[in-house]
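Engineer: First the structure, then my questions, so here it is.
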Ligand SMILES: Nc1ncnc2c1ncn2[C@@H]1O[C@H](COP(=O)(O)OP(=O)(O)OP(=O)(O)O)[C@@H](O)[C@H]1O
Ligand SMILES: [Mg+2]
């Protein structure tokens, strides 16, 4: 079986500074794969390149059998790749419902869209109660739920989440992680970038540790969870 | 000294024209944070477009019949020039330092003025624009020329159409999204390049409508007319809160009325006689701008900068 996403020797630079220095990994259908690593390791850069917002300097990205390199960002979501960006990036002056509708911008099936909006409201009831509220006025946790919901609205084959737990209270973080688990059980494939290594590794089928632009270590989530160097560097043990 | 209703009517007519042009500044700025300083000339060429259509019609065609086609002609020329400016002058400079598109805009303005000056038949002089015949109308105590009815009807219609477009259509929603967060708009599948072209096109179309209004009011079009009208409309856009379409129209009307009132009444203020009359009206317009910027930097309807995405 070929992987849903294949990244081969990907390099990305900002001007002269190379932020991603030749990484390779795959994501199989139905898996949760996580990228963890310190600040500035290149995780966000990797996701932004996958969704076409940044152009790689070299390397190959294959998604669902098609090459992604050189495809314009606005065409990539149509192929089934959705990206919930770091820092949420909602459309602040639009309402919750309008944000969700934009997540389904390319879909034409009105009834299906309405059903999926209801599904997001079931997943996150608070969003349903506030559907007419401008998203810029939501709390951080609510914004994160909406960002995830919006990414789901395109019915992606692969959902990329960049630090969904950033800045959230422990309770909110738990809720978000539970949701990711739920989504996986429903068969959504997820590429998860997280600072919270403990939570991410617990969830992940596969995990990669990034260090200054390279993948330093790979393995199953469980494996890395028990790896001594990972425990020292990312799980705060000594 | 003139009567108040008359001055309000004059201000409203002028202000509606400013507002229509201001839409172009504000929409483009709202989406790409670029001040299209060639917009005044996009307005100007629309006037010549409309005039050309009129001259191409059989002599003796009544203006009422000609007006719809002239309007289409004016809009078409403005939109074509606006789209070409975006495509060939501004798009290659996206991501360049802000000074680059500004200088380009000035160059483009001069080029468009000179093109009319050199190539439009008798373009070196003011060209006569057709006028509605018949007596002026009396509306609520003000005398309104028949030609001025055009802008009084067109401006609200344009605003209603634009408001509907932005709030209710798919492209309008995509435009809002692009204005608020362009990268994330791409992640939704929105072709933001297309949205930018659309913003230029709508702004240019409104400028084309304003150019016809200008021709009908002043009875002429000339290659320099875009400069001061563009500057006033830009002032109106800032006054209303740049980026806000309703602010642009409100800013235009406020500016137009302020100018009319200043022209008529400043000379009655003891000690201010020498600052009254038409010669000082531009000064008062910019005094108003400075006051608003001091007291309310975001403009009348603008969001505070911190609210912007
Ligand atoms: N727009 C940019 N211009 C220049 N350099 C950048 C830009 N964005 C990121 N970088 C640099 O690229 C490197 C990787 O950044 P990136 O945001 O991908 O890291 P990250 O792994 O997502 O970090 P974090 O966990 O803090 O979000 C960093 O050194 C960063 O300073
Ligand atoms: Mg990051």
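Using N, Cα and C of the backbone, Cβ positions are placed for all residues, glycine too.
Quick paste of what TrEMBL says about this protein:
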type: TRANSMEM; residues: B:12-32; note: transmembrane segment
type: TRANSMEM; residues: B:39-57; note: transmembrane segment
type: TRANSMEM; residues: B:63-85; note: transmembrane segment
type: TRANSMEM; residues: B:97-117; note: transmembrane segment
type: TRANSMEM; residues: B:149-167; note: transmembrane segment
type: TRANSMEM; residues: B:195-215; note: transmembrane segment
type: TRANSMEM; residues: B:278-295; note: transmembrane segment
Engineer: Count, for each of B:39-57, B:149-167, B:278-295, the Cβ pairs lying under 8 Å from the transmembrane segment (B:195-215), and report the range with the highest count.
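Structural biologist: Ranked by Cβ pairs under 8 Å, first place goes to B:39-57.
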Engineer: Under 8 angstroms, Cβ to Cβ: which one of B:12-32, B:39-57, B:63-85, B:97-117, B:278-295 has the largest number of such pairs with the transmembrane segment (B:149-167)?
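Structural biologist: It is B:12-32 that shares the most Cβ pairs under 8 Å with the transmembrane segment (B:149-167).
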Engineer: Which residues of the same chain, at least 6 past either end of the transmembrane segment (B:39-57), have a Cβ under 8 Å from a Cβ in it?
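Structural biologist: Distant contacts of the transmembrane segment (B:39-57): 21, 24-25, 28, 66, 69-78, 81-82, 85, 108-109, 112-113, 116, 120, 123, 127, 129-130, 203-204, 207-212, 214-215, 221, 223-227, 229-231, 233-234.
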Engineer: What same-chain residues lie close to the transmembrane segment (B:97-117): Cβ under 8 Å, and 6 or more beyond its ends?
Structural biologist: 34-38, 40-42, 44-45, 48, 81, 85, 89-90, 123-124, 223-224, 226-227
